[in-house]
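K.L.:
My structure is below; once you've seen it, I'll send some questions.
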Amino acid sequence: MSTNFEKHFEVDVDNCSLEQLRDILVNNSGKAPLANRFRALFNLKGHAEEFASKPEDALKATQYLAEAFGDESELLKHEVAYVLGQTKNMAGAPLLRDVLADDKQQCMVRHEAAEALGALNDVDSLDILEKYFKEDPLLEIRQTCELAIDRIKWETSEEGRREALQESLYSSIDPAPPFSLEKDYKIQELKDILNDQNRPLFERYRAMFRLRDIGNDEACLALASGFDDPSALFKHEIAYVFGQICNPVVVPHLKEVLARPEEAPMVRHEAAEALGSIATDDVLPVLKEHLKDSDSVVRESAIVALDMYEYENSNDLEYAPV
């Protein structure tokens, strides 16, 4: 490990108890580096996913994760909401509904809570999602609720059960499924759907994830064209999938988005983390530059991204060892 990154590994979270992981996550000591708080988060996620075999520990892990919603870090809280949606543990649903309904939480955190309810396929959350889709003053929240509603309805529909989808290379539960393999979409056709603002957002996301699953240079450049969209939500999802694909062809596009002074923090932060995942040599100075960014979400994302950069250039097999 290089000395530049040692400060990100000051606390060893391997083989910690659930309570020790919670203490690191919520920074009870006041000294836990952000990168290690993220490690504790992902370790707790692993426990929360074991609800079938270890229900008591899984419930406890879910509750400990939710304790972080009282933190000041917008980045950490949004990641907690994301993780709760990825666990498939329905114990997280009422906790996420509370976050969505809390107008004192930042937009990025509430958005992630709504998206997580969709990832959980929580039919019981349709009413609250409909409420905020119709009534919330923030476009990002309305759009996220729209996607979550459409995802839940698709998952529980005959169409959703019937469609033949490509087996994903990625473990994430996405806000929309990719387009079915039943039609042989050309990349240009998918690009046109992606950028057609007259189409439903759910359909455009389906094109996005189909392009992600193709993942070659042409598909990635088609995705990058979406960075001209007016929707911050849409652009942040494109940056997120670039962090999954890790194709260096998009590095110039991510750098440009990260450097936009007028761009929404939810987009810039996702671009920073994607650069950390891609981890080519030209990424390091860019991430270091944004350790002093004027926006706290982007600054913290640069810390996490640099931690990921170090991981990608090491021989470790797991980002969050359990």
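Just so you know, glycine gets a Cβ as well, placed from its N, Cα and C.
Here Swiss-Prot flags 76-102 as repeat 'HEAT-like PBS-type 1'. The Fe cation 1 binding site annotation in Swiss-Prot covers HIS78, GLU79, HIS111, GLU112. Per Swiss-Prot, repeat 'HEAT-like PBS-type 2' is recorded for 109-135. According to Swiss-Prot, the feature Fe cation 2 binding site maps to HIS236, GLU237, HIS269, GLU270, an assignment based on sequence analysis. Sequence annotations record features per position, and here Swiss-Prot assigns repeat 'HEAT-like PBS-type 3' to 267-293.
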K.L.:
What is the total of other Cβ atoms whose distance to the Cβ of GLU79 (Fe cation 1 binding site) is within 10 Å?
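P.N.:
By my count, 23.
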K.L.:
Could you give the residue numbers and ranges of same-chain residues that sit at least 6 residues beyond the repeat 'HEAT-like PBS-type 2' (109-135) on either side and whose C-beta is under 8 angstroms from one of its C-beta atoms?
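P.N.:
Distant contacts of the repeat 'HEAT-like PBS-type 2' (109-135): 69, 74, 77-79, 81-82, 84-86, 88, 90, 92-93, 96-97, 99-103, 141-142, 144-149, 151-152, 155-156, 173-175, 233, 266.
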K.L.:
Which chain neighbours of the Fe cation 1 site, leaving out HIS78, GLU79, HIS111, GLU112, have a Cβ atom within 8 Å of the mean position of the site's Cβ atoms?
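P.N.:
The surrounding set, listed in chain order, is LYS77, VAL80, ALA81, TYR82, MET108, VAL109, ALA113, GLU115.
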K.L.:
Hey, which of the binding-site residues HIS78, HIS111, HIS236, HIS269 is the loneliest by Cβ count within 10 Å?
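P.N.:
Comparing Cβ neighbours within 10 Å for the binding-site residues HIS78, HIS111, HIS236, HIS269, HIS236 has the fewest.
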K.L.:
Enumerate the residues of the same chain, HIS236, GLU237, HIS269, GLU270 excluded, that satisfy the criterion Cβ within 8 A of the mean position of the Cβ atoms of the recorded Fe cation 2 site; list them in sequence order.
P.N.:
LYS235, ILE238, ALA239, TYR240, MET266, VAL267, ALA271, GLU273
K.L.:
Reported in the order helix, strand, coil, what are the DSSP residue counts of the repeat 'HEAT-like PBS-type 2' (109-135)?
P.N.:
24 helix, 0 strand, 3 coil
K.L.:
Quick one: pull the CA-CA distance for GLU112 (Fe cation 1 binding site) versus GLU270 (Fe cation 2 binding site), whole Å only.
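P.N.:
The Cα atom of GLU112 (Fe cation 1 binding site) is 13 Å away from the Cα atom of GLU270 (Fe cation 2 binding site).
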K.L.:
Could you find out if DSSP has HIS78 (Fe cation 1 binding site) as helix, strand or coil?
P.N.:
helix
K.L.:
Measuring Cα to Cα, how many angstrom lie between GLU237 (Fe cation 2 binding site) and HIS78 (Fe cation 1 binding site)?
P.N.:
14
K.L.:
Measure from the CA atom of HIS269 (Fe cation 2 binding site) to the CA atom of HIS78 (Fe cation 1 binding site) and give the result in Å, rounded to a whole number.
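P.N.:
Distance between the two Cα atoms comes out at 11 Å.
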K.L.:
Count up the helix, strand and coil residues in the repeat 'HEAT-like PBS-type 3' (267-293) according to DSSP, in that order.
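P.N.:
Taking each residue of the repeat 'HEAT-like PBS-type 3' (267-293) in turn, the totals are 22 helix, 0 strand, 5 coil.
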K.L.:
Out of HIS236, HIS269, GLU270, point to the one nearest HIS111 (Fe cation 1 binding site) in space (Cα versus Cα); all of them are binding-site residues in the record.
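P.N.:
Answer for the nearest of the binding-site residues: HIS236.
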